[in-house]
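First up is the structure itself, then whatever we jot down about it.
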Amino acid sequence: MRGGGLICALVVGALVAAVASAAPAAPAAPRASGGVAATVAANGGPASRPPPVPSPATTKARKRKTKKPPKRPEATPPPDANATVAAGHATLRAHLREIKVENADAQFYVCPPPTGATVVQFEQPRRCPTRPEGQNYTEGIAVVFKENIAPYKFKATMYYKDVTVSQVWFGHRYSQFMGIFEDRAPVPFEEVIDKINTKGVCRSTAKYVRNNMETTAFHRDDHETDMELKPAKVATRTSRGWHTTDLKYNPSRVEAFHRYGTTVNCIVEEVDARSVYPYDEFVLATGDFVYMSPFYGYREGSHTEHTSYAADRFKQVDGFYARDLTTKARATSPTTRNLLTTPKFTVAWDWVPKRPAVCTMTKWQEVDEMLRAEYGGSFRFSSDAISTTFTTNLTEYSLSRVDLGDCIGRDAREAIDRMFARKYNATHIKVGQPQYYLATGGFLIAYQPLLSNTLAELYVREYMREQDRKPRNATPAPLREAPSANASVERIKTTSSIEFARLQFTYNHIQRHVNDMLGRIAVAWCELQNHELTLWNEARKLNPNAIASATVGRRVSARMLGDVMAVSTCVPVAPDNVIVQNSMRVSSRPGTCYSRPLVSFRYEDQGPLIEGQLGENNELRLTRDALEPCTVGHRRYFIFGGGYVYFEEYAYSHQLSRADVTTVSTFIDLNITMLEDHEFVPLEVYTRHEIKDSGLLDYTEVQRRNQLHDLRFADIDTVIRADANAAMFAGLCAFFEGMGDLGRAVGKVVMGVVGGVVSAVSGVSSFMSNPFGALAVGLLVLAGLVAAFFAFRYVLQLQRNPMKALYPLTTKELKTSDPGGVGGEGEEGAEGGGFDEAKLAEAREMIRYMALVSAMERTEHKARKKGTSALLSSKVTNMVLRKRNKARYSPLHNEDEAGDEDEL
């Protein structure tokens, strides 16, 4: 603070010196003009220009908008000394106004000297805290295990026979099912081993028990035979199937009777089977449950596994060679085959021991960077790779407590060795064996601590030195007892969500960062306070006012009374009531100057004017005892209100803002780092496929198999229609089959002829039953009736008027022609009614001969058909007819002759 006052004094002094050197000496300004007593002439030499007198502090000026210092007025000598002094006073007032209004809230304080009524002391240094940190940080690699929810899967083979009994009633043109009975029968063990697996055939009969009664079904209601197994038409990706028949057998047709038909279809099907913990049962892909452990058997103590069936229903075959029913190839290596018969089917599968076929834990994550830290009574395993933190106890977890956990140690060692060889083989060494911890949420952590090669060498050297210092006959420390093998086993249940571990990791991440940051802040703050306390204890001896004001939090005055400080409260003074004088020289003592600028102030706006001296940090001193010898080159900056005043050669020069002075920071940097960004990646304990596959029964697979069963083992495209002639053909075929080879040959011919006749009749019947065929037949009948009607009319017309019927055009021309031209030449024709009688007689004769020729030809044709005698008789008759004389009579006139002539 004193440095600032000294600079201000130097500035004012320099300004006064510059003004004094440029202006002549002048009398002091009257106090009444400004209410301020100011020195107008500098001691030690003439002044060509009096320094400007500052304006009263009560005058308010407008607020400055720029912080650049105003240019100094040019030192041109005015024509009048009084005018020069007035101009200098105005300039100084303007500068002071700008300084005051730059920071309007800057207060001046009058601090009376303390009397010792109030004394204070400083607190002693405190003991700084230590920030909390984790203990026993250990780096290493880890393998995280979770509960194995996947079922145990294996292949099984089903043997069963589909029995279908259908009751059909046959009508004349249709058939109707009156009932269909369907059932499944198991295949006996002997037939599976001796027939199906050895020869690839199956018996056509099915013997099974229903309602505690044994029954037998015969395929096609015939005697027992061996039927060959053939591959199913449709094979899935996971299973194959074989069967003996495609079509259902229907009974022969007998109209108006109920008939029964039996179909036995032997089916062998490979299916997937699955079983879940505790493996007391398994289910097939068809949806059939088997209430027996898949590990049940008669070897290696497996008879203790669960079963719900009688002993005679189960059979275990050692040295079983399975056969591929498609290629007929035999397996190269034998297996132990389990066979179980149920009321509906027989199932077979390869037996394997329970250990190590199944494991209740499975590997989840392999973490190549895992940090273990001890917090209180727990371990926290954190990994940035998977953004999780696992919390465990400080004690290790024994693997012997895990039921069916043989795979944990094996898989953990393999994964740890693989990660170590890939990343840490050249830089680290393993510390001991893998350690196992059970984390919250059901996660088992296999942790392998690591140590860098450098630290390992240091530890080895230290260990060797400790061994050298120990006595030779020291008793070795007892080894830790191995965990008891009789400890109760349990199954670890793993939660399906990892969010709690993610939240724990986030909390630990934030907690570690915040605790570290707050710890550094607390330590730095405490140390800083202790350092400042030492400085304050020393600084209070130099400037007790500043130290006391900073400590109390408000402006006070203080002085040391031994080891304590006496303080008194300072009185604030409004900035408008304070003015600074332009000279720092003591007029009555040449060579002596004030070290701080002189000021005049009022406590109140209308109060009396008090002379004083500007102290440090806007303090107004009531005395003017701050003196110093005048020096050459004096320059000082003093805090005045919200800015600085500059004195040069103990005279006011100009003003400037605080921003124009370079600031040197005295703060201690606080090491606070921002929380680093961390992105969470999706992390699933169990994938969607694992959750879907965790159930004992896959309903999708069951429905798919049930709906695909008919497509695989039945012919759905062949249709057997109702046929009334089927019984007849079946009887004929059976009749000719019983007559040997000759009967079969004759039967083929007869069957062909009968088939043709039946086909023709069936074709006509089908054509007539068709609506379009019936319409065509109706149209043909109608056309025949119309033709018969016209033929009948023609015959009637021919009988009534043959000439008109035979020669309609000729008769029509004769009717329309001139009757006079028809008679021909001469008058005889005219007299005879227009007709020539001779020609008419010739026409009649021609017609008679035509009838005679027709009769002779018919007689000869009939005689040729009858024989030689008839032909001779016909010849004689013809000769007689040719020799016959003409008739000797004259034609009689018909009474209708006139009508006939009209028609002609």
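Indices start at 1 and increase along the chain as displayed.
Heads up, the Cβ atoms here are built off N, Cα and C, so glycines get one too.
The signal peptide annotation in Swiss-Prot covers 1-22, and the record cites sequence analysis as its basis. Look at Swiss-Prot and you will find 23-771 tagged as topological domain 'Virion surface'. The region 'Disordered' annotation in Swiss-Prot covers 40-83, 467-490, 816-835, 883-904. For Cys111-Cys570, Cys128-Cys526, Cys202-Cys266, Cys359-Cys407, Cys593-Cys630, the entry in Swiss-Prot reads disulfide bond, with the evidence type sequence analysis. Marked as region 'Involved in fusion and/or binding to host membrane' by Swiss-Prot on the basis of sequence analysis: 168-174, 253-260. The region 'Hydrophobic membrane proximal region' annotation in Swiss-Prot covers 716-769, 728-768. The transmembrane segment annotation in Swiss-Prot covers 772-792. Here Swiss-Prot flags 849-852 as motif 'Golgi targeting'. If you look up Swiss-Prot, you'll see 889-892 marked as motif 'Internalization motif'.
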Measure from the CA atom of Cys526 (disulfide bond) to the CA atom of Cys630 (disulfide bond) and give the result in Å, rounded to a whole number.
46
Quick one: average pLDDT across the motif 'Internalization motif' (889-892), no decimals.
52
Let's see if you can do this one: DSSP helix, strand and coil counts over the motif 'Golgi targeting' (849-852), in that order.
4 helix, 0 strand, 0 coil
With DSSP assignments reduced to helix, strand and coil, which class does Cys407 (disulfide bond) get?
helix
To the nearest Å, how far is the Cα of Cys359 (disulfide bond) from the Cα of Cys266 (disulfide bond)?
38
Long-range Cβ environment of Cys266 (disulfide bond), under 8 Å and at least 6 residues apart:
Lys161, Val187, Cys202, Arg203, Ser204, Met227, Leu229, His243, Thr244
Rounded to the nearest Å - Cα separation of Cys593 (disulfide bond) and Cys128 (disulfide bond):
49
Mapped DSSP class for Cys570 (disulfide bond), helix or strand or coil:
coil
Does anything in the same chain, at least 6 positions from Cys128 (disulfide bond), have a Cβ under 8 Å from its Cβ, and if so what?
Ala522, Val523, Cys526, Glu527, Asn530
Chain-internal residues, separated by at least six, CB under 8 A from Cys407 (disulfide bond):
Pro356, Cys359, Met361, Thr362
Cβ contacts of Cys111 (disulfide bond) (under 8 Å, same chain, 6 or more positions away):
Asn545, Arg555, Val556, Ser557, Ser568, Cys570, Val571, Gly615, Glu619, Arg621
Taking 10 A as the limit, how many CB atoms besides its own sit near the CB of Cys202 (disulfide bond)?
26
